[in-house]
Amino acid sequence: MGVGAEAWQNYLKFSANFYHPLSDWKDSVHIKDYQARPAKGADISVQGYLPDLPQLSASLKAEQYWGDKVDINGSKKLSENPHAIIAGLEYSPFPLLKMKVGQSFGNDRNNTTAGIGFEWRLGASLDEMLKTSKPNKSLAGMRYDLVERNNNIVLEYREAQELKVEIPSKTVLAELSSLQLNAQITGTSQIAKVVWFGEVLGALNGVSQGMQTSITIPALPIDKANGLNQYSVSVVVTDENGREARAEGTIEIIEDAVLQPRIEMRERQVMLKPEERYTVVWDAIDPRQTDGRVTDNNGRNASRAYGNGIEVQHVYLDGFELLATPDTHEVAIPEDMADGDHRLVVEARFPSGHVAQDSMVILVRGAVVDSDNDGVPDEEEIANGTDPQNPDTDGDGLTDGQEAEHGSDPLKPDTDGDGLTDGVEIAGGSNPLDPNDPVNGGELDTDNDNIPNGIDTDNDGIPDEEEITNGTDPLKPDTDDDGLIDGQEAAHGTDPLKPDTDGDGLTDGEEIAGGNNPLDPNELTEAAYSLMLAISLNRPKYLNDFRRSYLVDGQGANEGQYI
């Protein structure tokens with residue numbers, strides 16, 4: 001079907017047309033194994049005449065057609081969405097005769113045409129049709145002219161029956177199974193070649209099977225633990241006309257439980273005493289391999305590897321790994337291992353990535369038990385009256401084992417009755433068995449503040465009891481973090497609880513380092529001024545100058561030389 005519109009004026013014609021197919025596909029008589037139908041398209045044209053020589057006219061036409069395989073020139077050469085520009089001249093010496101020549105330019109090819117045509121106007125006599133007088137190409141004179149249409153139907157083509165091939169998009173089978181793949185092919189032409197592709201095909205990968213449409217894989221790969229276990233496969237079919245079709249699919253390998261590798265312990269239970277040694281014997285079995293059984297130590301080397309890629313990775317006793325066992329197969333029972341049932345686990349990794357393990361029970365009898373790890377066996381603690389579940393029965397700061405070392409009583413916090421616990425006396429260098437031996441050479445705790453006289457825990461020069469009285473921290477040598485320890489604060493008369501005693505913006509430590517008086521807010525040496533300048537302006541240069549000119553091991557130096 002064609003729909004068009006035209007606009008005429010004296011000596012000039014405009015036209016536009018749109019073509020849409022109504023008929024269905026029909027077998028083509030021009031191209032073998034193809035079907036054809038009118039193509040969808042459009043054209044625009046303009047034709048003009050010379051007023052002084054109206055027998056001569058010029059035309060320009062643009063065409064566009066849509067389709068995957070369109071023959072725009074009738075040359076049997078098919079193009080996708082072709083277009084063309086056509087320029088032409090027409091000469092008519094008398095109304096009956098028309099002579100034409102044209103040149104087309106297209107995305108497919110260029111074409112030159114020439115032709116002669118005859119036109120008879122109904123109702124006209126032969127004399128009128130042969131009259132050589134000047135034709136009238138005014139709007140009134142062209143009223144008998146035919147409309148402009150493309151009377152040569154442009155055809156769109158398609159293959160009579162498209163070559164197609166299909167294979168299963170996904171095939172799921174157990175590892176080591178055999179598989180036959182079949183290609184389902186449709187098409188009108190004879191199949192010339194079938195080629196399968198895929199790593200899973202092994203030696204058949206990329207090898208032509210002739211016209212054979214099926215292929216057999218004798219044994220699929222093994223399942224790999226933590227692997228993707230999916231393999232791509234494809235087939236390409238070519239017919240006798242050289243046309244190709246391709247199909248793709250996936251083969252997924254799933255685990256076969258029958259093929260699970262395993263570790264088998266030779267013994268399930270053995271009784272041992274502490275410090276005894278035992279040689280463990282196991283078998284590593286891999287059904288995925290034709291020769292996958294390893295017995296005892298055969299085939300094993302010092303790197304834990306067995307024959308056929310089997311590797312023993314871990315040997316655990318009660319959850320703790322025995323590092324030497326995979327190489328030696330020998331387990332040494334610790335001397336302090338408690339009586340009871342202890343589980344030994346052997347774990348191996350196989351070439352497929354699967355991990356298998358087996359276990360046995362080691363019965364330990366006659367072990368020395370120390371439940372609270374205080375160095376005294378439970379049996380002895382029960383006999384002595386101490387608590388086998390409490391490492392420090394009397395709570396004096398010494399374990400029951402340490403009490404035995406020092407000769408103090410594990411049931412009395414203060415063995416010599418001097419008012420100090422045994423732990424405090426040992427820490428202070430005193431004899432816990434002599435009530436007259438003071439701690440650190442000082443006296444006893446006469447003020448009953450639970451701190452022995454003369455103890456200075458943080459070594460800042462101030463006894464702990466004095467620090468507690470003053471409000472400073474007996475465990476921190478510089479309570480206010482001003483750069484002076486509490487003992488230095490006492491020597492300089494500064495406040496150990498205030499980083500800046502005189503409130504002049506410099507810490508006591510900075511003032512002492514700069515040669516300034518930390519008790520006088522109005523005294524400011526050049527060094528202190530330099531330091532304040534560096535801090536207030538956040539200028540590293542001034543701070544570096546201060547360090548270079550005034551500090552040597554924390555003391556003022558070169559004072560008066562600063563510029």
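Note: Cβ is positioned from N, Cα and C throughout, glycine not excepted.
Automatic, uncurated: that is what TrEMBL annotation is.
These numbers come from a predicted model, not from an experiment.
Feature annotation from TrEMBL assigns domain 'Inverse autotransporter beta-domain' to 1-151. Summarising the annotation, TrEMBL assigns compositional bias 'Acidic residues' to 371-382, 457-468, 502-511. Annotated region 'Disordered' per TrEMBL: 371-521, in sequence order. Sequence annotations record features per position, and here TrEMBL assigns compositional bias 'Basic and acidic residues' to 403-415.
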* Residues of the parent chain within Cβ reach of the compositional bias 'Acidic residues' (371-382), under 8 Å, 6 or more residues beyond its termini -> 388-393, 399-402, 404
* To do: For the compositional bias 'Basic and acidic residues' (403-415), could you work out the same-chain residues 6 or more beyond its ends whose Cβ comes under 8 Å from its Cβ atoms?
  => 375-376, 384-386, 393-396, 421-422, 426, 432-433
* Asked: By DSSP, how many residues in the compositional bias 'Basic and acidic residues' (403-415) are helix, how many strand, and how many coil?
  -> 4 helix, 0 strand, 9 coil
* **Secondary structure content of the compositional bias 'Acidic residues' (457-468), with strand meaning DSSP E or B** => 5 helix, 0 strand, 7 coil
